[in-house]
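Trainee: Below is one structure. I have some questions about it.
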Amino acid sequence: GAGALTVMDPRTGYAGALAATDYIQLALVWAAATVFTAAVGLFPALSASRVPPIAALAPVNEAGAGARKSHTARLVIGALIAVGALAGVWAASGTADTTTRFLAMFGLSLLAFFGLILAFSVVLPPLTRLLGAAWPGMLARMARENTMRNPGRTSATGSAIVIGVALVVTMMVGAASLRETLTTAVDDARPFDLGIASNSGGPLAQDVEAKVAATNGVAATVPEYAASGSATLPDGSPALASSSAPGSADAQLVGQPDYTAVAHSHVEQLDDQTARVGVAALDGTRLTVCGSAGSCLSLTASYSDKADPDQVMVSASNLAAIAPDRSLVLVIAKLSDGADAQEVQSALLTLDPTLRVDGSALERQMYMRVIDQVLMAVVALLGVSVIVSLVGVANTLSLSVVERTRENGLLRALGLTKRQMKRLLALEALCLSVTGALVGLGMGVLFGWLGLLSIPLSDATPVLVVPWAQIGAVLVVAVLSALVASWLPGRRAARVSPAEALATE
């Protein structure tokens with residue numbers, strides 16, 4: 001854990017991460033894991049103790065109607081729990097209180113997850129058999145029939161794979177969706193990557209835009225100009241009530257450039273007949289806007305809650321017409337794809353320490369780094385569960401090799417080669433892992449989306465994103481790991497000679 005923290009934040013250092021470790025919490029986790037493991041082991045022990053000796057001597061696939069009734073009950077109960085919990089999640093998603101919504105959706109999602117696992121533990125064996133039909137040939141047919149010989153073992157092994165893959169995919173879908181949701185929300189509220197202005201609030205030097213455009217990581221720039229002027233109503237009274245100079249008609253005039261090259265979302269452009277103001281009472285009023293040189297224009301005021309109450313924004317062409325002496329006050333920059341916002345900010349401040357550089361790119365990058373670090377840590381932890389489930393695949397195949405020693409010997413005597421024996425076990429592993437991975441994939445997408453809906457995001461609109469490349473990598477890892485898991489049991493089965501296997505009691 002300390003090593004992982006050191007990788008995520010090298011500034012912490014291994015010694016610092018180790019010093020921050022809470023050993024009491026570690027002890028509690030160890031104790032809880034020990035108790036949980038012991039409790040889980042009690043269930044199969046109690047189940048085995050209730051089996052009569054005569055029933056235990058019967059073949060597994062002749063267990064009778066009792067097992068079928070138990071499977072039916074599990075399927076029905078699991079389905080009812082899942083459907084009821086998902087209905088509750090849907091109802092809770094409309095709760096106004098964010099804390100209540102999060103707690104309700106989180107708890108009900110856990111319940112739905114448990115119900116689906118309970119239901120799928122029953123249907124996994126037939127699903128495995130159905131998926132196995134995709135592979136042609138006699139060996140594939142034998143492999144899928146072998147997975148049905150002990151449905152309980154197939155169910156337990158497949159469920160472990162489902163849980164591991166579902167949790168990993170849930171985090172991937174949730175993180176990708178949250179990343180896109182936050183990015184969209186930030187872009188809508190603050191559509192520009194960086195804004196470069198003077199710390200003093202005064203004008204910028206005319207060469208600042210060229211320097212910004214030449215900075216590594218900057219893709220495009222747009223200059224914004226302003227000038228001193230006045231704004232009056234039709235009766236000649238001041239349009240803006242300045243707190244610093246009551247009764248004065250003075251106003252800062254800002255020219256709105258074409259933001260198309262630098263905006264991440266739509267920005268409403270002003271036409272030459274409109275002036276944007278930050279005073280709601282002026283909406284629709286005719287204003288006389290004059291520059292310092294005395295040139296004036298009659299424009300219709302349009303209110304915006306994002307406008308400064310002490311400013312009047314006009315089109316760039318109108319500002320140039322009434323204020324030829326306008327000054328550069330802001331340079332808006334759009335970053336190149338993959339550019340580091342903090343590095344670009346540092347480079348710009350190096351040009352002139354008196355500049356003020358801020359914008360949505362810095363906020364977006366902060367969100368992305370936090371999400372990526374959390375995702376890295378959680379997926380690494382959940383990856384352990386996937387490894388454990390694949391060890392279960394290897395154990396299942398090893399048990400099947402031991403139980404089918406005589407059968408394997410007979411197959412070898414009838415002409416099955418060592419390579420075909422290994423391939424048979426590899427196909428069994430593939431049937432188990434691919435079925436579990438596909439079911440886990442579906443559950444992961446579902447619960448990743450539900451997790452996003454449960455997070456309080458103010459007015460942001462949730463955006464579902466399925467990272468197919470990452471999910472494809474999970475499926476590839478599951479398939480390759482299944483082949484690796486089948487190697488040792490297959491080698492053990494192929495190494496036993498037919499005569500030796502047939503002589504086994």
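Positions of Cβ are set from backbone N, Cα and C atoms, glycine also.
Those TrEMBL annotations? Automatic predictions, nothing curated.
The annotation transmembrane segment is assigned in TrEMBL to 23-43, 75-96, 102-135, 156-178, 374-402, 423-448, 468-488. Annotation source TrEMBL lists domain 'ABC3 transporter permease C-terminal' at 381-498.
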Trainee: For the transmembrane segment (102-135) and the transmembrane segment (468-488), does the number of C-beta pairs under 8 Å, pairs 6 or more apart in sequence, reach 3 or more?
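Mentor: Touching, no - the transmembrane segment (102-135) and the transmembrane segment (468-488) miss the threshold of 3 or more Cβ pairs under 8 Å.
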Trainee: Report the listed stretch (23-43, 423-448, 468-488) having the maximum count of Cβ pairs within less than 8 Å of the transmembrane segment (156-178).
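Mentor: Going through each listed stretch, the top one turns out to be 423-448.
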Trainee: For the domain 'ABC3 transporter permease C-terminal' (381-498), jot down how many residues DSSP puts in helix, in strand and in coil.
Mentor: 98 helix, 0 strand, 20 coil
